[in-house]
Amino acid sequence: MQRWIIHIDMDAFFASVEQRDHPELRGCPVIVGGVSHRGVVATASYEARQFGVRSAMPIVEARRRCPQGVFLASDHHKYARVSRDIHDILQQYSPLIEPLSLDEAFLDISGMEWLYPEPVTIACRVKEHILREVNLIASAGVAPNKFLAKLASDMSKPNGLLLIQPGEEPSFLEPLPVGRLWGVGGVTAAVLEKYGIKTIGQVAAAEPALLERLIGNGAYELQRLARGQDDRPVVPDQESKSVGNEETFEIDLTGREAIRRQLLALSEKVGWRLRRMGRMGRTVSVKIRFASFKTITRSRTLPDPTCLDEVIFATVTALCDKVTWGEGVRLLGVTLSGLTTGQAQGSLFEPEPDKRLAIATAVDKLKEKYGESIVGRGNSRHT
Ligand code: TTP
Ligand code: MG
């Protein structure tokens, strides 16, 4: 299976949040950081970067370079809240998310071709979703591994989306300066450059013995990176408390059958994500937003945790039976919370779920390999 990793990184994160919340600051050079005399810049808006203001620069220096700048104290609580909102969005696109900081994360989207046609389409949707829901701009990199994905998002900024296809690694990497390699800071770069190794292409072609002499133990890994090889896995955040998917419809849904079909598709997505994460959930929640924006949620806690589509969907159906469907439906969501680790299903008295999990997992593998159509239930559709 071809590996596909997306790296998402918000543009000028702290500054963009402030510009979002204070529209009068849009288009202005905004500098966020410790505003005391001895503080440093946390980040600068792209307008401020034109004056040479950078992260970690003393505020005094930033004021000298950009006297007309708007200087603001950072509000970590607010940025952490926004970060959680973004994380909730990312969760809807992959069960394997590794947050790196408040504003960046890796998503492993390998094997999701049955959900989306192209890896780059997923990245595009993630960007659109973040813009729509939190009104901020993200840049994205799509590539066969973490190193290349992060490089791609970095190089595409601002408001970028860059795809590196398998096979394109050498031509992409060769001309870049060594400092672009993960883990190469100023000191290592200086050592390499002293020996005439200035580009990533030169690292890739260097004599291994020479590299080892120059930088020691990390030489082998560094050369692999320079050749675009990186097997590091995306390590998901095991702390996540719930797994949910929701969908806003372009046209409000009417009619029981249309609603049922969407709820089945959402239940299948959530079940699949849980199985991929190796987890189960005990509480099933349904969210319904009507055309009038009236929003209700209904939950039920099951006697045993589950990751099975049919158990999730049956619970969802039971919850929806009690809802009065007076008007069109704008949004539906299905979430499992009360997550447990591991998927040992069934018990002495109820051995059946184990078999059902085995079947579901086998079907997942087929879907990942051949696409959804080969094993689809025929009555749910994924977008
Ligand atoms: P970055 O993603 O490195 O920077 P950025 O989002 O501001 O700009 P861009 O990605 O478009 O280049 O860091 C994310 C946030 O972390 C940033 O908005 C502020 C904070 N931060 C600091 O507080 N100190 C620092 O030295 C850096 C680099 C970032
Ligand atoms: Mg950023």
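Glycine residues also receive a Cβ, built from the backbone N, Cα and C atoms like all the rest.
Features reported for this protein in TrEMBL:
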- GLU104: active site (ACT_SITE)
- ASP9, ASP103: Mg(2+) binding site (BINDING)
- 5-185: domain 'UmuC' (DOMAIN)
- PHE14: site 'Substrate discrimination' (SITE)
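Cβ neighbour count for PHE14 (site 'Substrate discrimination') (all protein chains, 10 Å cutoff from its Cβ): 27.
A distance of 4 Å separates the Cα atom of ASP9 (Mg(2+) binding site) from that of GLU104 (active site). Within 10 Å of the Cβ of the residue listed as 'active site' there are 20 other Cβ atoms, across all protein chains. Highlighted here are the recorded positions (ASP9, PHE14, ASP103) whose C-beta falls below 6 Å from ligand 2: ASP9, ASP103, in sequence order.
Between the CA atoms of PHE14 (site 'Substrate discrimination') and ASP103 (Mg(2+) binding site) there is a gap of 9 Å. Around the Cβ of ASP103 (Mg(2+) binding site), the same chain contributes ASP9, MET10, PHE13, TYR79, SER83, ILE86, each under 8 angstroms and 6 or more positions distant in sequence. Reduced to three states, the DSSP call for the residue listed as 'active site' is strand.
Model confidence over the domain 'UmuC' (5-185) stands at 94, taken as the mean pLDDT rounded to a whole number.
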